[in-house]
Amino acid sequence: MTSTTSKVTFGKSIGFRKELNRRVNAYLEAENISPRDNPPMYLKTAIILAWVVSAWTFVVFGPDVLWMKLLGCIVLGFGVSAVGFNISHDGNHGGYSKYQWVNYLSGLTHDAIGVSSYLWKFRHNVLHHTYTNILGHDVEIHGDELVRMSPSMEYRWYHRYQHWFIWFVYPFIPYYWSIADVQTMLFKRQYHDHEIPSPTWVDIATLLAFKAFGVAVFLIIPIAVGYSPLEAVIGASIVYMTHGLVACVVFMLAHVIEPAEFLDPDNLHIDDEWAIAQVKTTVDFAPNNPIINWYVGGLNYQTVHHLFPHICHIHYPKIAPILAEVCEEFGVNYAVHQTFFGALAANYSWLKKMSINPETKAIEQLTV
């Protein structure tokens with residue numbers, strides 16, 4: 001997939017990316033490590049899929065005890081996010097396997113959890129990874145103007161409260177994804193000024209088939225085995241609201257956070273070479289937390305991921321020190337929050353900063 005031609009260009013290489021690639025390749029060769037097709041990733045995939053299937057089975061067919069059902073739905077919601085973070089993400093980036101059919105099947109798990117892999121690969125792989133934190137190009141920081149993530153975004157009165165209400169918006173995002181996917185693929189066919197490559201009938205059929213799959217798994221089957229329609233809707237809502245909260249928080253901690261930079265969308269040329277711009281617009285978090293490392297599929301090493309999306313995420317903890325060395329040598333700040341809650345606080349701080357009307361702030365500065 002390719003994007004429409006963009007006027008945004010990046011600076012000439014100063015050797016940063018070349019040197020980083022050289023050292024990472026040297027590490028992989030010295031340790032005889034394959035960047036993809038790794039047995040630990042296969043095992044992880046099996047564990048996550050077993051988690052999701054067993055949680056769903058427990059919720060639908062398990063003991064008829066309310067608190068167990070509710071807990072099971074939450075556990076299933078965390079499992080759905082784990083599928084997206086690990087299996088779907090690596091597959092759709094081509095980082096799961098050297099075999100494209102394996103990546104394709106892994107990527108289809110995105111469709112299975114409610115997100116079109118076809119649209120995701122364009123929106124995320126092309127637009128987000130190329131134009132990270134550039135408003136008007138990076139769809140993932142746009143937020144449909146409900147939340148002001150970038151200083152370049154027009155301020156609206158309700159942004160004043162965004163650092164409070166955003167936590168109540170996250171759980172509903174999966175519903176938005178499901179509806180927006182259909183609207184975008186069938187009718188809209190573009191993100192901002194970027195035209196989406198025309199989907200084939202197979203792409204459209206895949207989209208609709210998996211939307212139907214979601215309805216069957218979370219509504220039709222539960223109702224068929226004896227749950228009321230209301231009970232089925234409540235259960236599905238708990239699952240997907242849990243998934244939405246978890247997925248959105250993890251994304252925000254990578255880019256919508258201090259000290260990540262937001263590049264000026266009116267500047268058609270970025271002075272930095274692309275790889276350096278990626279480092280400046282991205283932040284890692286909780287690198288020494290083994291639970292987070294395993295669960296979020298390396299997305300806490302988001303900077304490493306943006307530079308090496310084609311490498312399986314299980315290698316990111318070893319690549320991160322190499323990146324840190326190269327950044328230090330080239331005078332590039334490699335931002336890392338050491339804890340999850342430290343990153344969460346930095347994200348909240350940024351959202352609060354963006355909640356201030358820039359015109360009011362400018363007037364206050366003039367009167368000082």
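Every residue, even glycine, has its Cβ placed from backbone N, Cα and C.
Going by Swiss-Prot, these are the annotated features:
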MOTIF     89-93  motif 'Histidine box-1'
MOTIF     124-129  motif 'Histidine box-2'
MOTIF     305-309  motif 'Histidine box-3'
SITE      HIS313  site 'Important for the regioselectivity of the enzyme'
TRANSMEM  47-67  transmembrane segment
TRANSMEM  68-88  transmembrane segment
TRANSMEM  164-184  transmembrane segment
TRANSMEM  204-224  transmembrane segment
TRANSMEM  233-253  transmembrane segment
Distant-in-sequence neighbours of the transmembrane segment (204-224), which means Cβ under 8 A and at least six residues beyond its ends: 56, 60, 108, 111-114, 116-118, 178, 181-182, 185-186, 231-233, 235-236, 239
Other C-beta atoms that fall within 10 angstroms of the C-beta of HIS313 (site 'Important for the regioselectivity of the enzyme'): 28
Tally of residues which DSSP labels helix, strand or coil - the motif 'Histidine box-1' (89-93): 5 helix, 0 strand, 0 coil
Chain residues in Cβ proximity to the transmembrane segment (68-88) (below 8 Å; excluding those fewer than six residues from its ends, i.e. six or more beyond): 44-45, 48-49, 51-52, 55-56, 58-59, 62, 96, 106-107, 109-110, 112-113, 115, 117, 120, 235, 238-243, 246-247, 250, 295-297, 299, 313
Assigned element (helix, strand, coil) containing HIS313 (site 'Important for the regioselectivity of the enzyme'), judged by DSSP: helix
